[in-house]
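Here is what TrEMBL says about this protein:
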| type | residues | note |
| --- | --- | --- |
| TRANSMEM | 36-58 | transmembrane segment |
| REGION | 67-87 | region 'Disordered' |
| COMPBIAS | 67-77 | compositional bias 'Polar residues' |
| COMPBIAS | 78-87 | compositional bias 'Basic and acidic residues' |
| REPEAT | 137-170 | repeat 'TPR' |
| REPEAT | 270-303 | repeat 'TPR' |
| REPEAT | 456-489 | repeat 'TPR' |
Amino acid sequence: MKFEQIKDRIKSFFLSQIRAIKSFSKRNIQTGENKIASYVVLVLLGSIIVFYLVFTLITSETNANPKDIQIQSTPNQEKTDFTPSVDEKQLVSKSLINPAPSGELSEMIQKANILYNNGRVEDALEIFDKLALYSQSLANYNLGVIKITEGQYKQAQEIFQKAINGGDDVAISALNAAYVAYKQNNLKEFNHFLNLANSQLFNSINTPFYSYLYGVISYYNKNYFESLSPLLNPNSPDYQKQNDLLASKMFLMFDDDYNALEYLKKSASEEDYLALGMLYARNGEYEQARNTIVGFLQTHPNNLEAINALELVNLKLRDYEESARLLETFSKENAPKLPFKIITGLNEDLFDINIAQQNFWNRKFEHRQSLQYKILFYYAPYKVFDSKEVFQILSEGDFEWGAGRIDESQDSYVRSQTISKINRDIANGLKEVYVGDLRKALKIFLENVKTYSQHSVLYYDIGLIYAQLGDFEKAYSYFSRAYHLNNKDILAGIFAMMSGQLVYQDTSRIASSIALDFLNITFKNDYERAFMSDLFEHARGGMPTLMNMGNEDLQSDKSLYYAYGAIGAMANADRAKIIDFFGKLKAMQPQDLATNILYEMAQNFGMNLKEVSLKFSKTFRKGTFSNLHSLYYGGALVRELYIYLAFVTGNLPYVIDQLQEKLISEEESPNGTMQALGLAYIYNKNFEKAFATYNTLIDGLKEDDVRTKFLGAVSAIGAGHYNNAVVLLQISKLDSIASLESRYALGLLYQQTGNIKSAMSLFSGIANRGFVSEFFDFKIDTSDLLEQ
């Protein structure tokens with residue numbers, strides 16, 4: 001006899017025995033015979049059902065074909081190939097694998113006994129019918145769920161269909177049938193069973209799982225708001241974990257990350273730690289996110305989603321070295337793709353006017369001391385030739401001629417002529433500086449340094465121009481050269497330290513050299529020595545003393561001294577001294593735009609910028625900001641201050657119109673005007689216009705400094721021109737080896753495009769530098785998930 005025939009006969013035998021026992025128990029109770037025997041029979045009925053379930057499982061395993069066995073051994077295989085929107089964890093019947101508590105069954109039996117003793121035989125029989133029906137329903141549910149976990153969806157659907165046909169908890173069975181239909185990619189059947197579950201929901205109103213079932217069915221019907229209500233107001237505590245998990249998902253769909261996290265925390269198991277960690281990350285709790293995902297990886301060390309998620313969290317925590325290490329999993333040949341794609345973008349905080357107004361006085365401007373150093377560079381003196389040296393050389397020439405040493409005499413005259421030529425060119429360059437055209441001055445100086453490569457003054461002046469233009473990498477290089485050519489030029493050495501710090505260079509060797517040279521330098525007076533010593537301590541990050549001194553101690557009229565006093569007062573948030581020092585600078589340079597901006601800022605130091613925005617609106621239009629010559633032709637600081645102040649006070653549209661009109665009528669160099677306009681476009685989030693502006697500066701006007709290329713890349717990323725951004729950032733990285741912003745953005749773009757090895761290299765290169773990106777951020781690309 002075939003095995004299937006044996007199986008069918010045994011099945012028929014079990015069913016006939018169940019019917020016979022049920023008939024016997026009913027008759028026995030109705031006739032008032034031994035109730036204890038009846039209860040024993042009920043227990044026997046339950047045993048037969050359990051035995052039948054075990055037998056069914058054994059025969060299922062025996063008859064499984066090779067394909068079935070493969071599915072059973074790898075139950076997660078289908079999830080890898082096809083990710084459904086229906087979640088297996090939300091199957092109600094899966095929670096019914098364990099029978100109801102024995103105490104509840106005992107109570108039902110006791111209730112039936114009481115009813116029977118009181119003569120309510122029919123009511124007692126109804127309870128026993130429910131017990132029998134419960135056992136049969138439980139068997140169907142468990143058997144169907146077992147088939148699901150084995151991946152035998154066709155058999156599971158047949159079992160649930162039998163349950164539906166028998167009228168046993170139709171809503172639950174229909175929901176489960178909808179799930180297995182979806183797993184078989186049968187959307188027509190899925191919708192059919194889902195509609196059936198919805199129509200039969202009212203029959204489950206008195207069950208402990210009613211609210212959860214209501215929520216699940218509403219969720220699958222995309223009635224998300226309707227789904228949330230029963231989940232937050234369950235009719236029993238029996239399905240609290242399932243309620244919490246689905247409620248968390250609902251809140252996440254409504255972009256309520258906080259409540260999504262709170263509900264998931266209530267009932268999260270170790271299996272939920274990855275989702276919990278990612279929700280911590282969505283809420284900005286990156287340390288907690290990292291700890292939670294690390295906990296998940298302890299039990300799931302090869303989970304690719306967890307590895308990728310941890311890598312992204314480490315990027316947010318600025319642990320670039322660990323991010324690079326985690327990316328190694330995806331960098332090898334034939335390695336899996338990153339589960340989570342990212343989209344590189346700009347830091348939204350940069351464009352939030354409310355955040356900008358709140359943080360204006362604490363703004364770091366890319367670096368902890370960047371604004372302080374930029375102010376010092378702006379007011380630092382340019383160096384001029386030493387006329388005494390020229391006359392001294394000429395005197396040496398006369399002496400040598402008189403002594404008959406003609407060759408030596410001729411050499412001295414050549415030297416004096418050379419130095420005079422250099423000094424005349426320096427003077428011509430300084431004329432351009434003082435009329436505010438730094439680019440013309442830089443061109444003159446660079447032409448001369450090619451010929452006179454040992455002239456320290458030239459290197460110092462070029463370094464200062466680069467610093468004022470915002471190119472601190474080149475400033476560092478030229479200041480360092482100036483100091484090494486003339487180690488008595490302490491200011492060049494200090495400025496080399498400051499500009500080097502802004503591009504994350506190690507300046508410890510220069511600092512050690514300056515400390516030794518201080519002992520051998522003769523200063524003009526004790527105050528100059530004290531000032532230089534204090535400035536040096538400030539550059540080394542020590543505790544300066546001059547910054548805490550009052551205005552009466554500044555006996556010199558040099559603007560650098562007042563600027564230094566002002567930044568010291570800013571560091572101490574001393575509003576009175578800030579106003580005093582910038583007031584002195586304003587008295588010295590009443591028409592200078594940067595000075596007027598700083599003075600107006602000083603008068604409103606610490607105040608809520610929302611309250612003074614109207615005042616600044618008048619200042620931009622008719623006040624002290626009317627002389628814009630340095631905005632068009634000067635250094636980077638005045639443009640940054642002017643544009644950023646216009647942004648935080650709501651005057652950016654007016655300034656953009658103003659710059660556009662200037663550009664139309666510009667007869668001289670348009671470079672500075674376009675630089676200001678490009679920056680204004682960025683803060684106004686007109687990224688396409690900003691990209692076009694910087695593209696013209698770079699390609700058309702040959703403005704090839706690192707800062708311009710970098711801002712061009714910023715606008716390209718904002719506009720979504722990622723390929724252009726990569727090119728500009730690659731050039732910036734090559735031109736400026738210490739440009740960490742460029743390296744970070746390029747690393748993000750490489751990870752976005754799947755160039756994992758290059759991303760690893762760049763992230764490793766910015767590790768352990770204390771780097772915090774002001775401009776760039778990233779988010780998860782959810783387009784693929786939404787499509788699924």
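Any Cβ shown, glycine's included, is placed from N, Cα and C.
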Spatial neighbours of the repeat 'TPR' (270-303) far in sequence, C-beta under 8 Å, 6+ residues away: 245, 248, 252, 257-258, 260-261, 264, 309-310, 312-314, 316-317
PLDDT averaged over every residue in the repeat 'TPR' (137-170): 80
Helix-strand-coil residue split for the repeat 'TPR' (270-303), DSSP-based: 27 helix, 0 strand, 7 coil
Counts of helix, strand and coil residues, the repeat 'TPR' (456-489), according to DSSP: 28 helix, 0 strand, 6 coil
